[in-house]
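All remarks here apply to the structure that follows.
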Amino acid sequence: MVEREYSGGKPVHRVTMKEILSTHFFHSFDFCKDDIERRPSENLGQVLFGERIETSPYKFSFKKEEKCHKLCTKTYVNGKTEDKDMLDFLKRGMQLNYQHHWIVDNMPVTWCYDVEDSQKYCNPGFPIGCLVTIDGRVKDACVINSEFNKKNTFYIFNHVDIKITYHNGEGEGWSGARLVAATLEPKSINNADADKPTCEGPPMEVPGVFTSDVKITYTYSVTFQENNAIKWASRWDYILVSMPHTNIQWFSIMNSLVIVLFLSGMVAMIMLRTLHKDIARYNQVDQEDLIKAPPPQGKSIFYEDAQEESGWKQVHGDVFRPPRKGMLLSVFLGQGTQIFIMTFITLFLACLGFLSPANRGALMTCSVVLWVLLGTPAGYVSARLYKTFGGEKWKTNVLLTALLCPGIVFADFFLMNLILWVEGSSAAIPFGTLVAILALWFGISVPLTFIGAYFGFKKPAIEQPVRTNQIPRQIPEQSFFTKPIPGIVMGGILPFGCIFIQLFFILNSIWSHQMYYMFGFLFLVFIILLITCSEATILLCYFHLCAEDYHWWWRSFLTSGFTAAYLFVYAFHYFFSKLQIVGAASTILYFGYTSIMVLIFFLFTGTIGFFACFWFVNKIYSVVKVD
């Protein structure tokens, strides 16, 4: 039961695990069930993240303490196939570190324990049990109790001591009491008398080999503590301060700022020194000398010595030649614009506190709704650029903008959901929710994309500062570093260097069920990434133009977009170094969802690099006089 003002209640919960990408309903493990099972309403973000909540049999009333209250006793009879399968499933969950996630009054019930350097970590989940392996190795939660020492034995946490901390309203301007913290301590207790448990005794052992009947009695105790020092508005602080340290976040920011300063210095040197010098020298050519010694027939106003020094001037007649596959590029840029605006607004709202962890599923819900409503900018940008490229198949352009990238994401998501259905996971999206997502896509996003494309095609094509020659200029032999592939590969290194530390915390929040709340840091990293992608792309674009290679359209998109390739490599490294994934299905799920993230990040960063380079090229060629 989830209530805003705490007057008593019971935890609602689900079961997840860290080492396999699957969640299960609470009753799947044959735990004690609530007499009347109810499911609170869930928003779109909670359903998409697999946060399926159900009511719990752990019931208590405000200030009414419980001591060793019995829930139920589960008996598994040796020789009974159904009981053996259920017990094997329970042991499998302990082996794979499945975790309870309980909620009371919208607060996670946390398990707080000491870690290194005498610091306390409050985990919003706790394991259902632990395992001592056949060779005596202690895994995970078994380290909390020295009595867990029997080889090839599982120890189930069948008892919890719950402590509810409340504020009585003193000095807050309201009467009554409100919950400000909920903690528990899991214990394994073998109650000899299942009818009258005492919650004392040796640990509850579940043998690795099922040779005799097993009885598990589930109990709990509840205590209440008044603490007016913790304000209700800041009740999440004790959880969040135990999350990854802030000084690491500051290190990430400083690392990113150093990269930005380096790139800014390089760009400033090019813009203020080299370019300014070239343009000034060229534009100040004595017109009388030109009359006395005009350039050879068929040549532009550029001199040979200037050509040798400033090769970017020579390609003025080809620099705005429409790219190959302009249709696909315009579609990618339309979708990238949609993702960029969605990301900016979502992070801005998160910084203001509207999308805090207390609002479950709000972050994903906000992102999906914004993406749906931002179909108009996607259609407009795609249509306008496609028209600038000289394209005429406007119907195909609109359809691809509305369906191509969203279709790839939905197809991947649907395949992952099929695997979750087959696995019987509670994270599987219900069929009704899939229909609702399709309705949002085709009922709102697609029509808005058509409206944006309509206005985009009505506008004239973007006017270029120089004319394009009819005959393409031959590109001279390029050095290794100015060839397309080396340049693209190098272009993604610096932007990725700005985000890789922050990326670690984001992946932890997704795959390891840790809360992510430092949206101020993330927004700052977002701005730094925006600047870095822009400057890195401009820098490499300038070098390529100086080498008289005018194929910059796709290269500018792919240079910063290649940051997504490094993201995938890092996710690959994270999979093998930080996670302990078990099973082919979980591996497919991890890389399937990672592919969606990589595609979205590719469109996002590629769009930033393209428009930065587009502005740069227009700027430098608009200030040079061309014959």
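Here the Cβ of each residue, glycine as well, is placed from N, Cα and C on the backbone.
Annotation comment: TrEMBL describes 250-272 (among others) as transmembrane segment.
Sequence annotations record features per position, and here TrEMBL assigns transmembrane segment to 331-355 (among others).
Here the transmembrane segment (361-386) has Cβ contacts under 8 Å with residues 42-49, 51, 326-327, 329-331, 333-335, 337-339, 341-342, 345-346, 349-350, 354-355, 394, 397-398, 401-402, 437, 440-441, 444-457, 459, 461-462 of the same chain, all six or more residues outside its ends. TrEMBL lists 361-386 (among others) with the feature transmembrane segment.
Per TrEMBL, the feature transmembrane segment maps to 398-422 (among others).
The transmembrane segment annotation in TrEMBL covers 434-457 (among others).
Residues or ranges marked as transmembrane segment by TrEMBL: 488-511 (among others).
Residues 236, 240, 243, 246, 249, 252-253, 256-257, 259-260, 263-264, 266-267, 270, 275, 311-312, 315, 319, 343-344, 347-348, 350-351, 355-357, 481-482, 487, 490-491, 494-495, 498-499, 502, 505-506, 551-552, 555-556, 559-560, 563, 605, 608-610, 612-613, 616-617 of the same chain lie 6 or more positions beyond the ends of the transmembrane segment (517-545) yet place their CB under 8 Å from a CB of it. If you look up TrEMBL, you'll see 517-545 (among others) marked as transmembrane segment.
Residues 329, 332-333, 487-489, 491-493, 495-496, 499-500, 503-504, 507, 511, 533-534, 536-537, 540-541, 587, 590-591, 594-595, 597-599, 601-603, 605-610, 612 of the same chain lie 6 or more positions beyond the ends of the transmembrane segment (557-576) yet place their CB under 8 Å from a CB of it. As annotated by TrEMBL, transmembrane segment applies to 557-576 (among others).
Annotation source TrEMBL lists transmembrane segment at 588-617 (among others).
Residues 362-363, 366-367, 370-371, 374-375, 377-383, 385, 397, 400-401, 404-406, 449, 519-520, 522-523, 526, 557, 600, 603-604, 606-608, 610-611 of the same chain lie 6+ residues outside the transmembrane segment (331-355) yet bring a C-beta within less than 8 angstroms of a C-beta in it. Only sequence-distant pairs (6 or more apart) were considered; of these, fewer than three Cβ pairs between the transmembrane segment (588-617) and the transmembrane segment (250-272) are under 8 A, so the stretches are not in contact. Proximity of the transmembrane segment (488-511) to the transmembrane segment (250-272) is established through 3 or more Cβ-Cβ distances under 8 Å for residue pairs spaced 6 or more apart. Under 8 Å from some Cβ of the transmembrane segment (434-457) lie the Cβ atoms of residues 44, 334, 368, 371-384, 387, 394, 397-398, 401-403, 406, 410, 414, 417, all in the same chain and six or more residues away from its ends.
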